[in-house]
Amino acid sequence: MKLVYKNYHETLNQHLMNICEKVNISFEFFPPNNILSEKNLWQVIDKLKLLTPKFFSVTHGTNSKIRATCTSNIVKKIKKYTGIETVPHLTCINSTEEELKVIAKTYWDSGIRHILALRGDIFNTNCKPKIYAVDLIKLLKSIANFEISVAAYPEVHPEAVNAKYDIINLKRKVEAGATRAITQFFFNIDCFLRFRDLCVKNNITIDIVPGIFPISNFKQLLKFSSVSNVSIPKWLCCMFHGLDNDLNTSRIIGSSIAIDMVKVLYSEGIRSFHFYTLNKSEISFAICKILENKS
């Protein structure tokens, strides 16, 4: 098996050798919930920081204040330890404006200058949000001159009426001060490219960064896609058929798929990529190794 991996990674680097122009990469983590998972996260960070990413980001998780504190604490630790810009996700779904102002001021005073502003998931469909992402962006800008990234949805947000509504909403976020949009993960590249072209057509000129999900566990992917409106192509299901208990082969196939996606997106002019790591480094590191010191 070691020989297989050795040959595979040599092939991987061969495939990516023609990517020579500057590329920005970033990696997303979630806050660890115990000592063991935090130890694992630091091992992941130690490896991925060698790739000199543009930034790391840390999810907000659920909307509880305890979870927000976990995000804040780990963001500060990562930035201090690595010296790399670390971006907290901030959701507004279950927080008041005053609470959000306190969080924003605390981040700014701690040296955090970049926030990923999100509404957050609604778990009670009978509860209509009082604050949306565009409101959060305005609130953050009223506190300080944060750099603000937002979410975008090539396959349309699950709650959006249609693609046009999604574009209108993204444009409102840009007008409020967003300077980057990171997309939900996807496997239909044509869908992403149509979304990018639609953004350009509607004078949305910020960087649209594709979210890349390196597959290591197909069952886990299906779980995520079921709540995020991400379509799973039939060919992808066929690729992983019968591999539920073969994670090594799954990782190799997942790497190959992600490599092909990066190659095609690069050929279409994309120069920034955001990796959803799930606090794992192996596949993301292998894919990005050729990009070392490019950002």
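Going from the start of the chain as shown, residues are counted 1 onward.
Positions of Cβ are set from backbone N, Cα and C atoms, glycine also.
What Swiss-Prot says about this one:
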- Glu28: active site, proton donor/acceptor (ACT_SITE)
- Thr59, Gln184: NADH binding site (BINDING)
- His89, Arg119, Gly120, Asp121, Ala133, Tyr153, His157, Ala160, Asp166, Asn169, Arg172, Lys173: FAD binding site (BINDING)
- Asp121, Gln184, Gln220, Lys280: (6S)-5-methyl-5,6,7,8-tetrahydrofolate binding site (BINDING)
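Location within the structure of each feature annotated in Swiss-Prot.
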residue : record                                              : CB count, 10 Å
Glu28   : active site, proton donor/acceptor                  : 22
Thr59   : NADH binding site                                   : 18
Gly120  : FAD binding site                                    : 21
Ala133  : FAD binding site                                    : 26
His157  : FAD binding site                                    : 18
Asp166  : FAD binding site                                    : 20
Arg172  : FAD binding site                                    : 14
Gln184  : NADH binding site                                   : 22
Gln220  : (6S)-5-methyl-5,6,7,8-tetrahydrofolate binding site : 12
Lys280  : (6S)-5-methyl-5,6,7,8-tetrahydrofolate binding site : 20
Near His89 (FAD binding site), which binding-site residues out of Gln184, Gln220, Lys280 have their CA within 10 Å? none
Where Glu28 (active site, proton donor/acceptor) falls in three-state DSSP terms: strand
For the C-alpha pair, I'd like the distance in angstrom between Arg172 (FAD binding site) and Gln220 ((6S)-5-methyl-5,6,7,8-tetrahydrofolate binding site), rounded off. 33
DSSP secondary structure for Ala133 (FAD binding site), reduced to helix/strand/coil, please. helix
Validating a neighbour-count step here. Other CB atoms within 10 A of the CB of His89 (FAD binding site): how many? 22
Secondary-structure category, per DSSP, in which Gln184 (NADH binding site) falls: strand
For His157 (FAD binding site), which of these recorded positions sit within 10 Å, Cα to Cα: Glu28, Thr59, Gln184, Gln220, Lys280? Gln184
